[in-house]
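**Student:** Take a look at this one; I'll ask things after.
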Amino acid sequence: MTFAATILTLYPEMFPGPLGVSLAGRALAEGKWSLNAVQMRDFATDKHRSVDDTPAGGGAGMVLRPDILAAAVDSVAPGVPVLAMTPRGRPLSQQRVREIAGGPGVAILCGRFEGFDERIFEARDIEPVSIGDYILSGGEIAALVTLDACIRLLPGVMGAASSGMDESFETGLLEYPQYTRPQLWEGRAIPEVLRSGDHAKIAAWRKARAEDDTRLRRPDLWERYSGARVQPPSGARQQTKEE
Ligand code: SAH
């Protein structure tokens, strides 16, 4: 089955861009996914083909018009989730990526300027998605990020089928650190345990490193992970916090 990606953008020439090479590029050529980059300006109705206007209430920049956005969204064949790239969205997660990759495709609305007229989120079923707490100049790179994360999970795209479940976030932890030859480099040796051939010991070492690094680098992930593991015995204690 082909995973159908539709991108609604003012810069369709940015696609497939980096997704035209390597793993994603090969998968595109093989028809494992398809790409339709749609020029949003084609939905403009006036002779200047305008897609934006000044912000209500004042302020800098321009805002994408809801009527243009709606026409673009309505042109997408139904049955796929419609995402809008915005720093005001829910942070993209590996779990959501996995859900999307398991479906028939995705449509992604790319913002520019100051972003979208908010009414589009009320009038259409659109999921606001952020790729992180920083501001990009447009939604296109965020859409490429989102698509890349989905495409590598499509059946037959990744070489080693196993490399999917072991990654950072899939376990709730960052991945353990990786090493390869040369054995000794600039006076630094690969950790001895990785050369021991003792699979149980290696697994224990990797788990410990994954936990240490997560605790130090991502206290937010660590809190969730360790909190989820340390469950009070059922019925032993009264719930103190209301959900
Ligand atoms: N004024 C807006 C930012 C506009 S940036 C605000 O402060 O919320 C212009 C466009 O870039 C946005 O409409 C969005 O499509 C995209 N963009 C910027 N940062 C992003 C992020 N972190 N995640 C997803 N999209 C982003």
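Quick reminder: no glycine exception, Cβ is built from N, Cα and C everywhere.
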**Student:** Would you identify which residue of Gly111, Gly156 TrEMBL lists as part of the S-adenosyl-L-methionine site it also attributes to Ile131, Gly132, Asp133, Tyr134, Ile135, Leu136?
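**Tutor:** Same S-adenosyl-L-methionine site in TrEMBL: Gly111.
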**Student:** Measuring Cα to Cα across Gly111, Ile131, Gly132, Asp133, Tyr134, Ile135, Leu136, which the record gives as the S-adenosyl-L-methionine binders, how far apart are the two most distant ones in Å?
**Tutor:** 16
**Student:** Among the binding-site residues Gly111, Gly132, which residue has its Cβ surrounded by the fewest other Cβ atoms within 10 Å?
**Tutor:** Gly132
**Student:** With a 10 Å radius around each C-beta, find which of these binding-site residues (Ile131, Ile135, Leu136) has the fewest other C-beta atoms nearby.
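**Tutor:** Candidates: the binding-site residues Ile131, Ile135, Leu136. Fewest Cβ atoms within 10 Å: Ile135.
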**Student:** Taking only same-chain residues 6+ apart in sequence, whose CB is under 8 Å from that of Tyr134 (S-adenosyl-L-methionine binding site), what do you get?
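**Tutor:** Tyr134 (S-adenosyl-L-methionine binding site) has long-range Cβ partners Pro87.
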